[in-house]
Amino acid sequence: MSITAVYPGTFDPITCGHFDLIERAARFYDRLVIAVADNRNKTALFSLEKRVALAKEVTADMPNVEVIGFSGLLVDFVREIDGNVLLRGLRAVSDFEYEFQLASMNRKLAPEVETMFMTPAEQYAFISSSLVREISALGGDVSEFVHPVVAKALNEKQL
């Protein structure tokens with residue numbers, strides 16, 4: 001049986017923390033789909049198309065990784081692409097309560113889909129897209145926290 005994992009998020013922008021999780025997860029799943037969400041509840045810095053393009057560039061050398069933009073209910077998207085696993089990252093204990101609630105709701109909506117949690121490597125645990133956006137907006141150097149193509153896109157956005 002082939003296992004397809006789906007790693008959802010807004011990835012606004014995709015960070016080294018995201019990439020670390022993607023790189024490690026790609027070793028365990030036959031197919032890993034990075035599901036870039038068009039979240040109407042959040043105001044994104046980058047358009048959905050740009051976020052998908054950046055994630056594709058960052059993961060270009062990973063043959064079993066696909067990047068797909070989506071809108072709507074996550075479990076519907078997972079079913080659409082024949083996904084088996086929802087992959088979620090936990091940076092800190094504070095993430096757990098929300099993620100546990102989400103996993104429980106997703107299990108209720110799609111009992112055939114399992115949720116798996118991964119923690120980041122220690123050097124990435126403090127990185128978040130919102131902090132990267134804030135540092136960049138204030139003129140700070142984010143090159144340590146994002147892939148060079150993402151840093152370039154952030155710099156261009158601030159001009």
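Cβ coordinates are placed from backbone N, Cα and C, and glycine is handled just like the others.
What you see is a predicted model, and the numbers here were worked out from it, not measured in a lab.
Database features, via Swiss-Prot:
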- Thr10, Lys42, Leu74, Arg88: substrate binding site (BINDING)
- Thr10, Phe11, His18, Gly89, Leu90, Arg91, Glu99, Tyr124, Ala125, Phe126, Ile127, Ser128, Ser129, Ser130: ATP binding site (BINDING)
- His18: site 'Transition state stabilizer' (SITE)
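Here the Cα atom of Ser129 (ATP binding site) is found 9 Å from that of Thr10 (substrate binding site). Each of the binding-site residues His18, Lys42, Arg88 was scored by the number of other CB atoms within 10 A of its CB, and the lowest score belongs to Lys42. The distance from the Cα of Leu74 (substrate binding site) to the Cα of Leu90 (ATP binding site) comes to 18 Å.
Thr10 (substrate binding site) and Ile127 (ATP binding site) are 15 Å apart (CA-CA, integer value). Sequence-distant neighbours of Thr10 (substrate binding site): residues of the same chain at least 6 apart with a C-beta under 8 Å from its C-beta are Val36, Ala37, Asn39, Lys42, Ala44, Arg51, Ser129.
Annotated pair Ala125 (ATP binding site) and Arg88 (substrate binding site), C-alpha to C-alpha distance, rounded: 14 Å. For the ATP site listed in the record, the two most distant Cα atoms among Thr10, Phe11, His18, Gly89, Leu90, Arg91, Glu99, Tyr124, Ala125, Phe126, Ile127, Ser128, Ser129, Ser130 lie 19 Å apart.
Annotation note: Arg88 (substrate binding site) sits in a strand segment as assigned by DSSP. A C-beta separation below 8 Å, combined with a sequence spacing of at least six in one chain, links Glu99 (ATP binding site) to Arg88, Leu90, Phe117.
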